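Report on the structure given below.
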Amino acid sequence: MDTPLVVGRCADASSHHRSAGYRHPALDAVVTRLTCPHCTGPLHRSARTVRCPSGHTFDIARPGYLSLLPGRRTHRGDDPAMVGARESFLDSDHYRPLRSTITALATEHAPTETELVVDLAGGTGHYLAPVLDALPAASGVIVDLSTAALRRAARAHRRAAAIAADVWQPLPITTGSAGVVLSVFGPRNAEEVERVLPEGGILVVASARPDHLRELRAHVGGIGVDPQKADRHRRAFAGLELAERQIVQWRLALGRDEARALVRMGPNAHHLGTGGDDDPLSRLPEPVGLTAAMDVAVYRRRRSREPMTGEVDRGSR
Ligand SMILES: C[S@@+](CC[C@H](N)C(=O)[O-])C[C@H]1O[C@@H](n2cnc3c(N)ncnc32)[C@H](O)[C@@H]1O
Ligand SMILES: [Zn+2]
């Protein structure tokens, strides 16, 4: 039961934390796993800021996400219209088979001691939330650049913290601390993924297959998928071994507005018009039947002595 407290000025930081505006239990649970983006020092929270021992200070935004960007951003991530479309489409649950597969594979392969799950370019945290439900001892971090996504991500789950950071830069996360990393349709930096995984830690990658939404291509150009994508992933993660890969394929039957949200949430939003005669989706049949086809792969960070012990003791796991 939450008792509203008056937020006032006082010298004792612990009473600030008890105040309504300063409660960030998800951030407090993960802050020791976060690092300063300037000097990689450890971070501590005090009221609405997080600092390192060298005095670098980062603000917790009012919506509850923490910005750990070292300077000006060169890229802003998804804009509010894309994030709004994504939230509306994902809330309709049409991607439930994908979400269930990600959750099942992540929980099945997660090391038993997993305390931290990182959702890279995690958007609104849609795929992280059920994984945290299934791993009750774990906390989560959603990393994204988009302010609109981070506002939602900060509310994705009571054990998830939202962090503004660029996945192409060194991640502000301590080495070997994330038992599970999720990467769902977003950019990822293989070197940094391998650094934050402990031995035995897993990366779950979801990506579109070449025939994903193939029926839409006739109406909206430019939504082709690289047919070599799965192979490229395999080559990129040299320090990881493929533990399992599933193809998730199902049929979507979408209303025109749902189809529009699906296109608007992706990089092809500019192929759409205003919803009038210039909008290629206004000529779609309704409902429109589409193929959904995804690859979900689990990669495991090798244990350093794994090949040798595997050869000696063939019966053990
Ligand atoms: C296609 S969306 C996927 C979001 C989420 N994983 C999902 O499937 O719902 C890609 C996400 O990557 C974020 N993004 C793009 N570039 C980024 C970067 N360099 N660092 C962090 N996030 C980035 C965007 O803001 C967006 O939320
Ligand atoms: Zn610092």
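A Cβ is built for glycine as well, from the same backbone N, Cα and C atoms used for every other residue.
What TrEMBL says about a protein is an automatic prediction, not a curated fact.
Pulled from TrEMBL, these are the features on record:
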| type | residues | note |
| --- | --- | --- |
| DOMAIN | 35-71 | domain '23S rRNA (guanine(745)-N(1))-methyltransferase N-terminal' |
| BINDING | CYS52, HIS56 | Zn(2+) binding site |
| BINDING | TYR95, THR124, GLY125, HIS212 | S-adenosyl-L-methionine binding site |
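Residues TYR95, THR124, GLY125, HIS212, recorded as binding S-adenosyl-L-methionine, reach a greatest CA to CA spacing of 22 Å. With a threshold of 8 Å between CB atoms, the same-chain residues lying at least 6 positions outside the domain '23S rRNA (guanine(745)-N(1))-methyltransferase N-terminal' (35-71) that come near it are 13, 16-17, 21-22, 24, 27-28, 150-151, 153-155, 161-166, 169-170, 172-174. THR124 (S-adenosyl-L-methionine binding site) falls outside any helix or strand according to DSSP and counts as coil. Between the CA atoms of HIS56 (Zn(2+) binding site) and THR124 (S-adenosyl-L-methionine binding site) there is a gap of 27 Å, rounded to the nearest whole number. Within the model, the domain '23S rRNA (guanine(745)-N(1))-methyltransferase N-terminal' (35-71) carries an average pLDDT of 96.
When the Cα atoms are compared, CYS52 (Zn(2+) binding site) and THR124 (S-adenosyl-L-methionine binding site) turn out to be 27 Å apart.
For ligand 2, no neighbouring binding-site residues occur among TYR95, THR124, GLY125, HIS212, by Cβ distance under 6 Å. Other C-beta atoms found within 10 angstroms of the C-beta of THR124 (S-adenosyl-L-methionine binding site) number 27, with every protein chain shown included.
Within the domain '23S rRNA (guanine(745)-N(1))-methyltransferase N-terminal' (35-71), the DSSP-based counts of helix, strand and coil residues read 0 helix, 14 strand, 23 coil. According to its DSSP assignment, TYR95 (S-adenosyl-L-methionine binding site) is coil. Other Cβ atoms within 10 Å of the Cβ of GLY125 (S-adenosyl-L-methionine binding site) number 26 in total over all chains.
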